[in-house]
Amino acid sequence: MANPVGEDNWVAYVDQLRRDARDLEACVRVVEAFRRATLAEPGSLKVWIEYCEYFWSLYTDCEHANLPGWSSEEIQMGRETFTFDGALNLWQEGYEAVQYRLDDSHELWNRWISLELDCLRRTVTEAGVRRITHLFKDRLAVPHATWDATSQMFSSFLSEYNRHGYESEMQRVTNDAKQAKRSYDLRDPWETKLAAARRAADPDAVRNVLSEYLEWEIRTLKSKQHVRDAPVNFQICLGLFSRALTGPLAADESTWLDYVVLISTTHSDLKTGRSAVPAALVPNMLDLLQRAVRHVPWSGPLWARYILSAEEAGLMFTDIETIKHAATDSAQLDRDGMASVLEMYAAWCGYLKRSAMKASATEEEIDVAEVGLPSAIEDVRHWGKRKYGDQYQGDPDYRLEKILIQFLTEKKDDIEGARQVWEELSRVPLHANSYDFWLNWYLWEMMVFSAARSKSRSPVPLSQGLPVPTFATRVFNRALQVRTVDWPERLMEVYLRHCNDYEPAETLREAHDTIYKTRKGVAKRRAREAAQAAQAAAEAAEAPGMQAEDQFMTDVDGATSTSPGSKRKRESTPDVEEDATGHKRAKSEAPAGDEPKRDRENTSIWLADLPVDTTQTKIKQFLHGYGRIVNIDIKKGDGSAVALVELGSPDDARSALLRDGRYLGQNVVRVSPATDCTLFVTNYPPEADEQYLRGLFEKCGEIFGVRFPSLKYNTKRRFCYVTFRTRAAAAAATKLDGKSLESGKYRLVAKFSDPAARQQRHGAQAEERELHVVNLPRGVSDDDVRGIFSKAGRVVSVRLPRTMAGHTTGTAFVVMETREEAKEAIGTLDKLIFGQHPIKVELSRPPVAKTTATTRAARPSTMSPEPGPSGSSTSTPPPAPADIAARTIAVLNVPDTMTDARLRTVLAAAGVPVDEAVKFVLHPKHGGAVIEFATQAAAGKASLAVDGVEVDAPAGPDGISDGAGKRKLKTGTVQELFRAKGEKRVDRIDKPAAASSQASASSSESGSGLICDTDQHHVCYVDAAAFTFCARKDGGSGSGAAQLSNGEPAAKSNADFKKMFLSSAGGGQSSAAAGTGADGEKAAQDGTN
C-alpha cells in the first residue's frame, strides 16, 4: 500500500513499516512515511500523535542507547538525526496543524506539554519557564473544549514556578482569552449535539450533525456580523473540515465540494481584497484537490475542478495530462454512471479548447486540440458502450461536441466540419427528439450566416438579391420530420418566424404547408398521448395502493402508526364534512367554489440567474402576456436569485419557456420547466421537521423548498412535498424510497409528486355495498346477522366489532354483493325488530377526519378515575375543576402545519416538562394546543419556558423564501386559544384578498353546543364567544374562584405562574390557582378533552 487513503490506512501502513524496522535506515524510511502521511492527511490528529510519539521514542532510545541490533555508528547517527530540538519542534508542528480541532486537539497538546514540563522539572531555567508560559498563553488564546482544564494547568504551573507574577499573568491570560471563550460558547450547542450523537453510537446521526455544523460554520464565516473574528472563524472552520474529512465524512463527495468551494471563493476574495482572512491561512487549491480526488475518485466535479485549477495555476500540458490520465485510470470514475466521466472529459476538452483559442496559442497547442477533442469524444463513446452497451446514446447536453464545434468554427474556420458534427448528433434519437437540440443547431447556423454576411462574402445562395440562410431553414425541415420530438409546437413557431424574417414568399408558403400538416399530426399524437395517460390513470386507480394524500403512516411491519392514546380506526380517513342530508362528503382545505385541483408539478417553471433584488412585480412584468401567474416563490442567493413560478395551465408553462435567454435588468434569465422536481414524501418520523427532511435529502442535490400541509381539517396528515432545484436531484432523491429510518421503525416513501395519480376510493364502502347496522342484541353472532341480511341478497361478509373483553358492541358491518342489494336491505330491514331491538340499517360512511390530536399519559392520581365495573367511579374522588385549570396551560401561535409530535419535541427542547403532561391536545384550527400537567409546579415551569420559543413557520406572502419563516410561541388562557381564529394562508397571488376576509368572517361566527364529560359528571353549555358555564350535576356551585365583573375568568399572567412555581414545592394550591374563575376552570378542563 504505497499510497494509502485515509488516516486509518496511513496509520496501518506505517505501523507495518515500524514492525519491520530493524536498523537506522529502516527507521528513517518510517519517518519519511509519516511525513508523507501528514502531507496526505494534514489535519489528522491520529497521524500526528503517532508521528510525534514515534519520533520522540527514537530520540529517547538513541539517547539511552536502547536499540538492540544497532551498531555504535548507527546510534551516533541516530542521535544526530533524531535530536531533542527536532522532537520538540515536531510536537509543535503537529499541534499547530490540529490546534483548531475544538473537541480533541487537547489530546496532542496534553502529551506535548507534559513532556515540556518533565524537561523543565529536570532542569529549571528562566528560559524554560518563559517558553512554557508562552506555550500556555498561546494555547489559552485558542478555543477548545478543555479550556478550563488548560487554565487550571497553567494556574498550577504559575503557582510552582512564578508565584510573584501569578495574578498579573492570570489576569492577562483571562483578558486575552475572551475571544476564544466567546468563539467556543458560540459553537458549544453544536459540540454538545455532536458528542451526544457519538455517545449514542449512531453513525448516521454523527454524519448529519457534522454536515449541519459545517453549513453553520460556513454561514458564520460569511456573516458580516462576525467579520471582526474572521481569521479565527476561518481556522475553526478548517479545523472542523479536518475533523469531518479525516473521520465520518472522509468519503462524502458533497463535503469535499463544500470545502473546495470555500477555499476557492476565499482565494477569489483575497485577489479582490474582499477577504479579511490572511493569505497564509488559506490552503493551496491544488494540494486540496489532490487529496479530494484520492478520497472520492468517483467524483467528476472534483476531477473537473482539479484540471481547471491546474490550468489556472499555469501547470504544463504534461502535468494536466497526468491528472486526466489519473482520472481515467481510476476504476471508480464511472461508479455512479457516466455523469462523472462526462464532467471530467468536459473539463479536459475545455482546457484543450482554451489553450488552442488563446491569442498566443502555438501550432502545437492547436494541433493537440485538433486531435485531442475528437479523440475525447470517441473515448467517451467507447466508455459508454462498454458500460451500457447499445443503450448508451451519449451526453444529453452534448458538451464535448459543443466544444469541438466551437473550436472548428472559431479557430479552424471549418464550417463544414462543424456542420458534420451537428449531422452526426441529429442521427442519435436522444438528441433528435429534443426541441432544444434543433434550436441550438439553428442558432449556430444563424451565427454562421451572420458572420458570413458581415464579411461581405456569402457562401449561401441569393434569392431576389437578398442573402438567404438556407442551412438554417434546412434544420427546421429536418426537425419537423422527426415525429417524436418533444415540443414540436415551439419548433413550428420559430420556423414560421424565421421564414417570415429571411425567406422568400415561395419558401414561406411551403413552410405554412409543412406546419399545417405537422400540426394535424401533432394534434393526433397529443390525443393519443392523452388517451394513454387516461388509461394509465384508470389502471392505477384500479390497482391497490395508497392515497396520494391524507393517508395513515405505516411502519415496516404494516401496522398503522397513530398518536399515543388515539383510537384505532377501521380504515384511513379523508377530510370530510357533513352535507345538508347528514351524509359526509370530502372536504377541501379551502372550501370556496368548485375550483379544479392545482397541478403545480406540471404548470411550474424555473427562472434562474435573476437579479438579487427581483420582486414578484418584476417577475409579473417579465412574464406578462405569457400566461396567468398563480404563484411566485423567490429564493435569493449570493449575487442572484431563483424563482419558482406556478402558472395557470401546462400550456401557459410551455409558453413562458419562450422567455428563456431574455434580459431582466442586466441579467440574462434562464427559463426551464420545473416538471419532475417535486417529490411526495411520507412515512418519516412524526417529530421530523424541515431541518430533518433537508438533512435526509441533502446529498441528493439542492433543495428549493419543503411544503407541509395544513392540519386544520385533519391532524393525521403526515406528509410533505420536497421541491428540488433540478430534475437530477429529485431523481436521486427517489432512490431513497424505501429507506429504513430509526432502526427500521419507518420505511420512507419518496416518489415523484403527481396530482393525477391520486387514486379514487374503491372497495365495498366506496361502491355503497357496505352497510352499518346499529342496535343489535349484545349476544348476536355472525351467522345470525348473515341469516337476516341474506333475505335481501348475497352477503359477502359480516364483521362484528368487539371489545377487548370479546363482547360485541351492538353494531355490525355487512357487505352485500351489489349496490342494489344493499339498497334493498336498507329498505326492508331498517327499523326491523330483531331480538326485541329495533335495528337501524344505513350505508357505511368513512369516519370523520379529526381536527384535534390528543395524547394522554398514563393516568396519574390527579386525573379523573376510570369508571368501575358497575359504571360508577372508584372511591378516589375526582379532581376539582379549579385544580384542573391550575394545572392547564394553552400554547398559542402554533403553525397549523406543526404536528403534535413535532410540537412536543420543540417544547421538550425548550425545557418544558412534557413528560409530566397528562393530556396534550393540539388545535390546529385555533393555532395552538392545550396541555394539562400532573402538577401545578410543572404547569408553572412550562409557562415560563414556552414564551419566546421560536419555531419554523410557513414563509410570508411576499414570495421570498430565503428560509422558513420564524414565529414565537406564547402562553395564554384556554379562552384566548378558542377565541383565536387560526391562520389563513393563501399560497397564490392570483386571488383577490376578499376571499380570505370572507373566510375569516365566517370563522368568527359564534355558536353554542352541549358538552358532556362522563368521567367528571359535569355538564356545561359552551358559548364560543363568552364560555359561560352552568352548575355541576352534583350540586356544587363551582363558584369558589374569583371572576371578573363581566363573568370572564381572571387570566393567569407569567408573574402568576412564576409565583406559583416558586411557592408550590409541596404541591399545594397557589394563589394563581385560587385566582382562576370557575368558568375558566371548566373551560380548561373541557379544552383538554
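Numbering starts at 1 and runs along the chain as it is shown here.
Cβ atoms here come from the backbone N, Cα and C positions, even for glycine.
Features as listed in TrEMBL:
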- 845-875: compositional bias 'Low complexity' (COMPBIAS)
- 980-991: compositional bias 'Basic and acidic residues' (COMPBIAS)
- 993-1008: compositional bias 'Low complexity' (COMPBIAS)
- 1079-1089: compositional bias 'Basic and acidic residues' (COMPBIAS)
- 603-676: domain 'RRM' (DOMAIN)
- 677-755: domain 'RRM' (DOMAIN)
- 769-846: domain 'RRM' (DOMAIN)
- 556-602: region 'Disordered' (REGION)
- 845-882: region 'Disordered' (REGION)
- 980-1008: region 'Disordered' (REGION)
- 1065-1089: region 'Disordered' (REGION)
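Mapped onto DSSP helix, strand and coil, the domain 'RRM' (677-755) counts 17 helix, 24 strand, 38 coil.
Taking the domain 'RRM' (769-846) as a whole, pLDDT averages 87 in the prediction. In the domain 'RRM' (603-676), the DSSP tally of helix, strand and coil residues is 18 helix, 30 strand, 26 coil.
Within the domain 'RRM' (769-846), the DSSP-based counts of helix, strand and coil residues read 19 helix, 26 strand, 33 coil.
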